[in-house]
Ligand SMILES: [Fe+2]
Ligand SMILES: [Fe+2]
């Protein structure tokens, strides 16, 4: 199975959506062969799509593939590589939750990077690793995350480092007891510490999961962050969280559309906005995704193609495999 998925991931004649389905499958299998396939595709001389390379880095971090650490460091430090891919490598090193000196040293160097998304991510990852904080994450998620779910049975702290979460947060969520007004104030304040803003954002997401009545209100706050914040890093993560929330809030949906259609916005933000719209799967946004699937920026066009397949999967609860097989995804 890993062999088929690895072959599909490599096959540039296949549509991007099929290659992403293969990537999700490899993340879910999580064996050595799958890690090797993802490492191969992380190489820019092998794989021209920055979108695909960044998703491989993300997957390796979420899988906590210790064997990938060396390569993730190399790619993070490669100044010729796309900023979004380098950012994702830094985030993956943080997600590993291993306080290995080579990762700590590399992240410390990356804090001085002149590429803002790399330096900001490295400092968050470093702080998380050094704090030894308990993981937080999401046990629910979009069709993409459900298709990527780890197949191994996980009960607490398993030796492979696997977690019970569909996704591990790059910064731990603030305590559930934090008042809603505090979370809202911190996440919206552009002068606040980024680590605190991330923590507030994940706490808002968790509050939204915990109570259906606060769900739209939380999504609205996150939508306001998209409209007002200067940080591309924060905004891309807000988009990701809105995709996890799958909120019906029209305010949040509009904010995501504004991000996608703003050509001056960082491609990393526009990409996550597209995928979040796919995950929310509201019929009113399908036209936007179809329009931007023709965007001249490959990261945006490919993201919209993948987002449309996530939208179909959300609506039908299935992903079409690379060989045409239909896989029902867990809920
Ligand atoms: Fe990211
Ligand atoms: Fe992404």
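One-based numbering along the chain as shown.
Glycine residues also receive a Cβ, built from the backbone N, Cα and C atoms like all the rest.
Database features, via TrEMBL:
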BINDING   54, 55, 87, 88  Fe cation 1 binding site
BINDING   236, 237, 271, 272  Fe cation 2 binding site
COMPBIAS  133-142  compositional bias 'Low complexity'
COMPBIAS  143-155  compositional bias 'Basic and acidic residues'
REGION    133-164  region 'Disordered'
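Other than 236, 237, 271, 272, the residues of this chain whose Cβ falls within 8 Å of the Cβ centroid of the Fe cation 2 site are, in sequence order, 235, 238, 239, 240, 268, 269, 273, 275.
Residue counts for the compositional bias 'Low complexity' (133-142) under DSSP, helix first, then strand, then coil, are 0 helix, 2 strand, 8 coil. Counting every protein chain shown, the number of other Cβ atoms lying within 10 Å of the Cβ of residue 88 (Fe cation 1 binding site) is 30. Proximity to ligand 1 at the level of Cβ atoms, with a cut-off under 6 angstroms, picks out 88 from the binding-site residues 54, 55, 88, 271, 272. Within 8 A of the CB centroid of the Fe cation 1 site residues 54, 55, 87, 88, the other residues of that chain are 53, 56, 57, 58, 84, 85, 89, 91. Cβ neighbour count for residue 237 (Fe cation 2 binding site) (all protein chains, 10 Å cutoff from its Cβ): 27. Counting every protein chain shown, the number of other Cβ atoms lying within 10 Å of the Cβ of residue 55 (Fe cation 1 binding site) is 28. Listed in sequence order, 266, 268, 269, 271, 272 are the same-chain residues at least 6 apart in sequence whose CB falls under 8 Å from the CB of residue 236 (Fe cation 2 binding site).
Geometry remark: residue 237 (Fe cation 2 binding site) versus residue 88 (Fe cation 1 binding site), CA distance 11 Å.
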